[in-house]
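So Swiss-Prot lists the following for this protein:
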type	residues	note
DOMAIN	43-309	domain 'Protein kinase'
BINDING	Leu49, Gly50, Ser51, Gly52, Ser53, Tyr54, Gly55, Arg56, Val57, Lys72	ATP binding site
ACT_SITE	Asp163	active site, proton acceptor
REGION	314-359	region 'Disordered'
COMPBIAS	350-359	compositional bias 'Gly residues'
Amino acid sequence: MERRASETPEDGDPEEDTATALQRLVELTTSRVTPVRSLRDQYHLIRKLGSGSYGRVLLAQPHQGGPAVALKLLRRDLVLRSTFLREFCVGRCVSAHPGLLQTLAGPLQTPRYFAFAQEYAPCGDLSGMLQERGLPELLVKRVVAQLAGALDFLHSRGLVHADVKPDNVLVFDPVCSRVALGDLGLTRPEGSPTPAPPVPLPTAPPELCLLLPPDTLPLRPAVDSWGLGVLLFCAATACFPWDVALAPNPEFEAFAGWVTTKPQPPQPPPPWDQFAPPALALLQGLLDLDPETRSPPLAVLDFLGDDWGLQGNREGPGVLGSAVSYEDREEGGSSLEEWTDEGDDSKSGGRTGTDGGAP
């Protein structure tokens, strides 16, 4: 798969901040969007990988050859052109990092959709691997180490992902030798005004959950640290630690009460008691209630050599039978032989695998 040199916000004027550089890149890219009558002019459309409120993702084979790609479609009646271009440009700028899903050249527009291609992850997303129990400790460490590097790469370029969750982690092989963070639809320059989530989310940090409209907070990398901590918990347990990081949620209150009590009780509340002390220390740092003292993502690297206490999770070469590929998931149900670019998305459910959420 062709990879070009990354375009970073540092390119050009060294004094230009990330937000200004990104806006400049969006403006330059506007003229590079290719209008086509149909996506079939350039791709053989194989099957639907997922869908969401703003579009869908299709498995497609370029007519010009090369590997299959995940073709992301965003509905033009629901997504601003600038929103589409921003996601595409951010993706192109950070594609050099293996922990971030590669966005390919050549943005398109049809009468109904904006579209761009991304690399295809054969094993789907991380949420599909998490069934009744969490991953083996080795795989949990592989996942969070790769994501920590990806987030540090974003943060070093003045960007915050702002949507770290299992659904947005794409898996390339059953043992997680490579995973990549996708869905850059909510990625913004650090300092961008950020409101509370439109609906309660288990991955949102308490400082955002506490906001009331129309209040906002400047977007900070600490938001991604919190998301990484929640994702670590999910990968280890196959469930979220709470429905929302806000009182009166009982699970969050139990955790918050434990970490804020001085001196801290030696025994954490369930389900945190399943983690060994090094993993607890890592989780407490990433899930620090104060964003000013929250650990950066790369703190993960200091704990990789420690025992995390996850020996009870599935072990052995056959433990990931649930890590089915997109082909296995879609078998017999999502042929695109009859689909057209004017297809009706209103009946689609689920998520897109790389869907950007609200514009």
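Any Cβ shown, glycine's included, is placed from N, Cα and C.
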Quick one: pull the CA-CA distance for Ser51 (ATP binding site) versus Asp163 (active site, proton acceptor), whole Å only.
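So the alpha carbons of Ser51 (ATP binding site) and Asp163 (active site, proton acceptor) sit roughly 17 Å from each other.
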How many other Cβ atoms sit within 10 Å of the Cβ of Ser51 (ATP binding site)?
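I count 21 other Cβ atoms within 10 Å of it.
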Count the other Cβ atoms sitting within 10 Å of the Cβ of Leu49 (ATP binding site), across every protein chain shown.
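Its Cβ shell of radius 10 Å holds 27 other Cβ atoms.
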Do me a favour and check the Cα-Cα span between Ser53 (ATP binding site) and Asp163 (active site, proton acceptor); whole Å is fine.
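Roughly 16 Å, rounded to the nearest whole number.
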Among Leu49, Gly50, Ser51, Gly52, Ser53, Tyr54, Gly55, Arg56, Val57, Lys72, which the record lists as binding ATP, how far apart in Å are the two most distant Cα atoms?
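This binding site's residues have a maximal Cα-Cα distance of 14 Å.
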Mind giving me a neighbour count for the residue listed as 'active site, proton acceptor'? Other Cβ atoms within 10 Å of its Cβ, every protein chain shown.
24
